[in-house]
Amino acid sequence: MAVRPGLWPALLGIVLAAWLRGSGAQQSATVANPVPGANPDLLPHFLVEPEDVYIVKNKPVLLVCKAVPATQIFFKCNGEWVRQVDHVIERSTDGSSGLPTMEVRINVSRQQVEKVFGLEEYWCQCVAWSSSGTTKSQKAYIRIAYLRKNFEQEPLAKEVSLEQGIVLPCRPPEGIPPAEVEWLRNEDLVDPSLDPNVYITREHSLVVRQARLADTANYTCVAKNIVARRRSASAAVIVYVDGSWSPWSKWSACGLDCTHWRSRECSDPAPRNGGEECQGTDLDTRNCTSDLCVHTASGPEDVALYVGLIAVAVCLVLLLLVLILVYCRKKEGLDSDVADSSILTSGFQPVSIKPSKADNPHLLTIQPDLSTTTTTYQGSLCPRQDGPSPKFQLTNGHLLSPLGGGRHTLHHSSPTSEAEEFVSRLSTQNYFRSLPRGTSNMTYGTFNFLGGRLMIPNTGISLLIPPDAIPRGKIYEIYLTLHKPEDVRLPLAGCQTLLSPIVSCGPPGVLLTRPVILAMDHCGEPSPDSWSLRLKKQSCEGSWEDVLHLGEEAPSHLYYCQLEASACYVFTEQLGRFALVGEALSVAAAKRLKLLLFAPVACTSLEYNIRVYCLHDTHDALKEVVQLEKQLGGQLIQEPRVLHFKDSYHNLRLSIHDVPSSLWKSKLLVSYQEIPFYHIWNGTQRYLHCTFTLERVSPSTSDLACKLWVWQVEGDGQSFSINFNITKDTRFAELLALESEAGVPALVGPSAFKIPFLIRQKIISSLDPPCRRGADWRTLAQKLHLDSHLSFFASKPSPTAMILNLWEARHFPNGNLSQLAAAVAGLGQPDAGLFTVSEAEC
């Protein structure tokens, strides 16, 4: 049977559609030419064609085609037909021409694009059919968007003179689409259209044509595309001005001494920002011409004046000599105390007196003398034992235990003990007068090479100064401060959140030969797949810098952070201001919130307020709320609960239920209260809480029973069953008693450490050298579960010392020395004598 020629394209489209619908197979297609004799005006014409698009993260992209007239439209991607079931089709009729119109949409996923290997890019195009033939659309390329983290070139700090040109190079990270670059000056955007003195080159370098004093700032290169925004390290640019002399003044009148003078100042311009001072003198003196000089004989008044001036000068010189002598005497006394370290490292045990050096009679060891004075010193480096055995074995766990009293005696033959003076110098002093005076949030002390420890009670914040971290011969006053978030401006970008308190230790710039360990709590739920954690440090200019990206540590880094479930331990040789900041990588990232319910201890009115606090699950946040509630006269009415708050952008809701209407009436006008997501996630707002006000029907009502729910929308939640007597129920008051941390806020020398000094030294000397059988510091780290970053320990002169320091920071003051002794003894060292300490060594 003959078929009319005009029906062939339609039949071909129907057959092709039936084949795709039935088999779902993908095959190459041959596009037909227009049918001979057909009207070319009726070929499909595309109203919408697919365009190039980028896949961001894991979100699929949508491609759209629309053609008229069209009886069929199919997508072809990388030469293969897309299955019909993956097409979303809409048919309509063009209003003006009455021709059939078709619109087709498909989704392309990241997995489909990633299946294409090699140099070929993933592309898709549409093929439309009509009764007159077929038409192809343009190709649309689908690319996966990304932006690397590391800049190929970052700007470097510069010091330039006034009116000199400045070029700050910046090569952004590799990315698709290519990153756009902008520059920040002290966090303000640099706009070349507003400042003709600056421009940005095609290579993204920032150029300042002529440096001005106002150009002194921190410059940051920012790269961004549709995926992310990256910041380079800030580069400090200092524009300095060298000083120049002003013109000489006129000569002064001729004086009685037949001289006159003229002066000038280093003010044309004055040196700025570290510029060089003017060279030469600012005063010029010359003899006067003889006829201008007036000669007069010195009278009795002048002689008396000269004698008085000479007497004053002599007195000042004598006073200066006395002060120098007193200073040298004190310094000599302190050096004699510190120079013979056996007095300190032997635990102040008595040995025979003899001069230690022929040329220095001040260096003496100590001999027992029952007739002399005795000075007590808190702590010891070596435990004493009154039994007949002269040796201690480390393999017995109790040998690492401290003495009950922890006190040892130092015998000295002088009436005024040098040790007493030395210990008094190492005690805490009221020294840092310029620091915040909040006594509960600050501690400070004086330390030398023996080390020590600073603690802010009931906050989980401490600073461990290991032995030999301070150079011998140096004495530092060191402080430790907890800051309120509103007092310190910590900029948080994007989804970043503060996970720890903001803590300062200082003074900055002191020389340390070993890393100190800063311990502080955090409220993040550690998960490498959910969090990007960064340690931030404030620079001397006031800006915050990322000094460590957890999980990307390198042995050469100056910092290391041991992250645990609720605390972090920061190794640093540079003191300063630190904070732990997290950036959520997925909605699974969660912060721990502690929920606390408070109510008045005494209620004299009919109204009764229940305050629900939602705070970071850290000791310092708990301490602040407890102190606040003590001032308000509040009491805890339920045991605290922990809620996991996720980065889902959903708010926190609180509601109260099952209030007995015959006894109480709720004054809440809505069914629930909310705390906005960003108020919690930001982490810088304190005392976040909601108040539920209940009213007693009768003044005699004292029993309260209800339920209180706290939950994140589409997330975790907690419920409290409240059932207590508001006048006499205090069973939860004991939960408010803050744990008293052992010792004082500042511990100096041996009393700051659990491990006796000589035993510590023997462990270090035994485990530092590599051992073929594995009985070295690596095995000790594994036994103590400190093997997450062995390369950091290996980069230090004594890896064992780093491990023991971290153990001290984690376990003070309640560490189990028996477990440590068992771990060391279980290494199987062949020479047990390495862990033996004799009375002579003590």
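The backbone N, Cα and C atoms fix where each Cβ goes, glycine too.
Marked as domain 'Ig-like' by Swiss-Prot: 44-141.
Residue counts of the domain 'Ig-like C2-type' (155-234) by helix, strand and coil are 3 helix, 35 strand, 42 coil (DSSP-based). The domain 'Ig-like C2-type' annotation in Swiss-Prot covers 155-234.
Taken from Swiss-Prot, the feature domain 'TSP type-1' applies to 242-294, supported by sequence analysis. Per-residue pLDDT, averaged over the domain 'TSP type-1' (242-294), rounds to 83.
Annotation comment: Swiss-Prot describes 441-584 as domain 'ZU5'.
Per Swiss-Prot, the feature N-linked glycosylation site maps to N107 (among others). For N107 (N-linked glycosylation site), other Cβ atoms within 10 Å of its Cβ number 12.
Marked as N-linked glycosylation site by Swiss-Prot: N218 (among others). Under a cutoff of 8 A between CB atoms, and with a sequence separation of 6+ in the same chain, the neighbours of N218 (N-linked glycosylation site) are R185, N186, S234, A235, A236, V237, E541, S543.
Among the features that Swiss-Prot reports, C-linked glycosylation site is placed at W245 (among others). Every protein chain shown contributes to the tally, and the Cβ of W245 (C-linked glycosylation site) ends up with 15 other Cβ atoms within 10 Å.
DSSP classifies W248 (C-linked glycosylation site) as coil under the three-state reduction. Residue density at W248 (C-linked glycosylation site): 11 other Cβ atoms are found within 10 A of its Cβ, drawing on all protein chains shown. Residues or ranges marked as C-linked glycosylation site by Swiss-Prot on the basis of similarity to another entry: W248 (among others).
Under the heading C-linked glycosylation site, Swiss-Prot lists W251 (among others). Cβ neighbours of W251 (C-linked glycosylation site) (same chain, under 8 Å, six or more residues apart in sequence): H260, W261, R262, R286.
Cβ neighbours within 10 Å of N287 (N-linked glycosylation site), excluding its own Cβ and spanning all shown chains: 11. The annotation N-linked glycosylation site is assigned in Swiss-Prot to N287 (among others) on the grounds of sequence analysis.
Feature annotation from Swiss-Prot assigns region 'Interaction with DCC' to 605-623; the stated evidence is similarity to another entry. Remark: secondary structure over the region 'Interaction with DCC' (605-623) totals 5 helix, 10 strand, 4 coil, with classes taken from DSSP.
Among the features that Swiss-Prot reports, topological domain 'Extracellular' is placed at 26-306.
The topological domain 'Cytoplasmic' feature in Swiss-Prot is assigned to 328-842.
Residues or ranges marked as transmembrane segment by Swiss-Prot: 307-327.
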So if I exclude everything within five residues of the ends of the region 'Interaction with DCC' (605-623), which remaining residues of that chain have a CB under 8 angstroms from its CBs? That is, six or more out.
440, 456, 458-461, 482, 499-501, 520-523, 566, 591-599, 629, 634, 637, 642-643, 652, 654, 656, 664, 667, 675, 680, 683, 686-696, 699, 704, 708, 710, 722, 726, 738
Give the three-state DSSP assignment (helix, strand or coil) for N287 (N-linked glycosylation site).
strand
Between the Cα atoms of N107 (N-linked glycosylation site) and W245 (C-linked glycosylation site), what distance do you get, rounded to the nearest Å?
74
Compute the C-alpha separation of N287 (N-linked glycosylation site) from W245 (C-linked glycosylation site), stating it in Å without decimals.
23
Coarse DSSP state, helix versus strand versus coil, of N107 (N-linked glycosylation site):
strand
Tally of DSSP helical, extended and coil residues in the domain 'ZU5' (441-584):
4 helix, 72 strand, 68 coil
